[in-house]
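**Q** My questions will all concern the structure given below.
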Amino acid sequence: MDNKGWSLKGSLLPLLLLVSDLLLCQGVTSLPICPTGAVNCQVSLRDLFDRAVILSHYIHNLSSEMFNEFDKRYAQGRGFITKAINSCHTSSLSTPEDKEQAQQIHHEDLLNLILRVLRSWNDPLYHLVSEVRGMQEAPDSILSRAIEIEEQNRRLLEGMEKIVGQVHPGVRENEVYSVWSGLPSLQMADEDSRLFAFYNLLHCLRRDSHKIDNYLKLLKCRIVYDSNC
């Protein structure tokens, strides 16, 4: 890894500090939300949504920065964007494309959809971190963002499971998710093919994190504030 591009001492640090302050104010510096051994610990649904919205927005910001940096460093003049359209592994999940479509979906279905998308990213994010470590001349800022996103995605998933548990207590949702099979593409010998695989994965991550961020804001308004927001 070289030190070119942004680093944690650069543009990412203010964002990390801001989110850290927000999470401290909300009491969510770590998950599980309840301390180990706590009995009958209960966090309000409003607080759970507040934390989830903060995390989802943070993840989307990180994924956007990571994609933009990768695009600027590796993808210029390669025509990747035209090939990346509609080629995400989560395309098998029927997700609303805009706010108007999302508003037509029952909140229970939208909550379960968020869970499925988050679970669909567990495996690719794990391998993204591993493969970025092995990239020649990859800036530390891309790796640091990949590591942070993987961790925060797990935290957001756990928080969403708690939200679903409060909205629909006693109902267990099947752990349905979209399987990712892109690891061989990240390891291809052909440079163009390998770089496109990374580009496409980061493009999809930015897309899905934006959708989740919007869905959560909509659900918070609908469930917590009875759509009066």
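Numbering starts at 1 and runs along the chain as it is shown here.
Including glycine, each Cβ sits where the backbone N, Cα and C put it.
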**Q** In Swiss-Prot, Cys204 is paired in a disulfide bond with which of Cys34, Cys41, Cys88?
**A** Cys88
**Q** From the recorded positions Ser56, Ser120, Cys221, Cys229, pick the residue whose C-alpha lies nearest to the C-alpha of Cys88 (disulfide bond).
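**A** Considering only the listed recorded positions, the nearest one is Ser120.
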**Q** Taking Cα atoms as reference points, which of the recorded positions Ser56, Ser64, Ser120, Cys204 is nearest to Cys221 (disulfide bond)?
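**A** Comparing Cα positions, the closest of these recorded positions turns out to be Ser56.
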**Q** Counting only residues 6+ apart in the same chain, whose Cβ is under 8 Å from the Cβ of Cys204 (disulfide bond)?
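**A** Listed in sequence order: Ala84, Ser87, Cys88, His89, Thr90.
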**Q** For Cys88 (disulfide bond), just count the other CB atoms lying within 10 A of its CB, please.
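**A** Total other Cβ atoms inside 10 Å, all chains included: 21.
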**Q** Consider the recorded positions Ser56, Ser120, Cys229 and say which one has the Cα lying nearest the Cα of Ser64 (phosphoserine).
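**A** Of the recorded positions Ser56, Ser120, Cys229, Ser56 has its Cα closest to that of Ser64 (phosphoserine).
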